[in-house]
Amino acid sequence: MSVPSFITAPEFEGGPPQGLSIPFRLRWSKTHPPKEPIVTFKGRTVLVTGANTGLGFEAAVKYAAFGADKIILAVRSIEKGEEAKKRIVERTGRDATDISVLKLDLGEYSSVKDFVSALHEVTPTLDVALLNAGLGNPTYEKSSAGWEMAVQVNVLSTALLAMLLLPLLRSSAAASGAKSHLTFVNSFAHTLVPRDFPLIEGSILKTATDESSWNASSSYNIVKLLAMASVQGFARMEAGEDQQRVIVNSVCPDLCETDLGRKFTGFISSIGKAIFYYLFALSAEEGARCLIGATALGPESHGRFWHHDFLYPFGELAQDQALMKKTWNEIIEAVGRDEPEILQLCRTT
């Protein structure tokens, strides 16, 4: 049996039974993990951000096992990235020369630009970009650019990175004849922001970065909604191309046992996380199946949300196109204040 390069995504027809509370929904997800996709990445060059641990690491292992010609690990620490590379080689038997490690710190715009420059030095092509790196904070923290840190990492710097990657993704698709993939790891949590949530001046971005109203739980959901507006913006932009060459989609692996909440420290937090993960979390390997699948979906997944092995409906606010377009414009303008080239890229792409 030949192994396909792409898989066809079914429309939503499953997932957790409707009306479940969050604990029961998470428990359902734990007992119904994603299926392992049957797909090949032979001939493809793949980038994974946040690749030295958790979901990103397990996704990189799968790309190596599924035949990707080259895997690029984007990591905050080169030392940890090299350790991850060694483990991938040990687990898959791949040649170490097939894997590159590059530094990327999404807390700083300058690091994003340095990373993209380095990327062009190690590969002339890029077929898959899995933007997995993310941050969850127990306390409010500002980036050097003045934004709440999760907003900076998960949304603004990720938007800059995606914009700078698009030209290479497009040219690679034109050369190979197969569409490239730009996949953002997001979360079902974006659906948990209620329709009547009080937005500051009607702005998701201002609400997400406002220190006076910030709390770890609701702000996580708001940031995921903000990120979904970015995904939809990139999808609209790419759909407007004369020849659409890049499939843009998003994916939720559901709750997985990773170190995303690494800053939640202390004895009580550690014990609580251990129990919580035992009861409700998928393993990182199980979650990575979903990520891999999203980057192998066909054009029907463009602008869509992959979750529980289905094209899942967006949350109510993410279906509000006027709000999503307004938020996308705010994201681009926010990045453009410090990195004006993104405004030019928006005009020329």
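Cβ atoms here come from the backbone N, Cα and C positions, even for glycine.
Between the candidates N132, N249, Swiss-Prot assigns the NADP(+) site shared with L55, K80, D105, Y220, K224 to N132. Counted within 10 Å of its Cβ, the other Cβ atoms near K224 (NADP(+) binding site) come to 26, all protein chains included. Counting every protein chain shown, the Cβ of Y220 (NADP(+) binding site) has 21 other Cβ atoms within 10 Å.
Remark: N132 (NADP(+) binding site) has V48, T49, G50, A51, L55, G56, A59, V185, L291 as non-local neighbours, by Cβ distance under 8 Å and separation of at least 6 in sequence. Across the residues the record lists as binding NADP(+) (L55, K80, D105, N132, Y220, K224), the two Cα atoms farthest apart are 27 Å from each other.
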